[in-house]
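To start, the structure itself, in C-alpha cells.
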Amino acid sequence: MSIPRVGVLALQGDTREHLAALGEAGAEPMTVRRRSELDAVDGLVIPGGESTTISHLLCGFDLLEPLRARLAAGLPAYGACAGMIMLASEILDAGVRGRQALPLRGIDMTVRRNAFGRQVDSFEGDIAFTGLDHPVRAVFIRAPWVERVGAGVTVLARAGDHIVAVREGSVLATAFHPEVTGDRSIHRLFVDIVNGKA
C-alpha cells in the first residue's frame, strides 16, 4: 500500500509535534487549513489546543461543515485532548454562547471539557491501552474525559475511573497528548487505521 497522506488541522494547537510524530509513524504528513487540503488527505489529526478557538476558526475558514461531511462519509480521524472534545457528538461545559466548542460528531460520545481541572492540575502517568502491548505515557493538560459512549464505541484506556481513550470505526480519540512523549504507538495505530490494517 502507498504511504497515506495524513493531515493535521493547523488552525491552532500543537501542529508541529503531530506532523513529526506522523512522519515517524510512516505517514506523509501535511497541514490542513483549507478545503482543498482537507479534500486531499486520507486521514486527519485534530490536535490539542483550545476547543472553542478551534471551533471559531473552523467556522472562519469555512471548514466546519466540510469536515463534518467528510467524517460522516468515513474519513479516518484522530483527536488529542481538544481534538477529542471536537470529535464528540455532545460537549458538556462547551463554553459561553457565541464562543462554544462545536461538536463534529465523529464519535458517539459525551465529553466534558477541562474535566481534570485547570492548567496547574495537569499531570502525566503510564496507562494501559487496549491493543498495545505496553503502557502508554499519557500527558494530561487541562484534559477532558468521556462521560458517555454509544454502543458502537470501544473504550481503549482509562485514568482511574475516567474514560480517556476511545475508538468508533476509523475515528480515534485520546484525552492526553502522545505527541509530546516520544512514544509513537498511538500515531502508528492511527496510521494503521488509515491504511485499513487496524
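Placement of Cβ uses the backbone N, Cα and C atoms for every residue, glycine included.
The active site, nucleophile annotation in Swiss-Prot covers CYS81. In the three-state DSSP scheme, CYS81 (active site, nucleophile) is classed as coil. All chains included, 29 other C-beta atoms sit within 10 angstroms of the C-beta of CYS81 (active site, nucleophile).
Secondary structure from DSSP puts HIS177 (active site, charge relay system) in coil. With a cut-off of 8 Å between CB atoms and residues at least 6 apart in sequence, the same chain places ASP14, GLY48, ALA80, CYS81, ALA138, VAL139, PHE140, ILE141 near HIS177 (active site, charge relay system), listed in sequence order. Residues or ranges marked as active site, charge relay system in Swiss-Prot: HIS177 (among others).
Around GLU179 (active site, charge relay system), a 10 Å sphere centred on its CB holds 26 further CB atoms from the protein chains shown. Residues or ranges marked as active site, charge relay system in Swiss-Prot: GLU179 (among others).
In three-state terms derived from DSSP, ARG142 (L-glutamine binding site) belongs to neither a helical nor a strand segment and is classed as coil. According to Swiss-Prot, the L-glutamine binding site annotation covers GLY49, GLU50, SER51, ARG113, ILE141, ARG142, on the basis of sequence analysis.
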How big is the gap, in Å, between the Cα of GLU179 (active site, charge relay system) and that of GLY49 (L-glutamine binding site), rounded to a whole number?
13
Over the residue list GLY49, GLU50, SER51, ARG113, ILE141, ARG142, recorded for L-glutamine, what is the maximum interresidue Cα distance in Å?
13
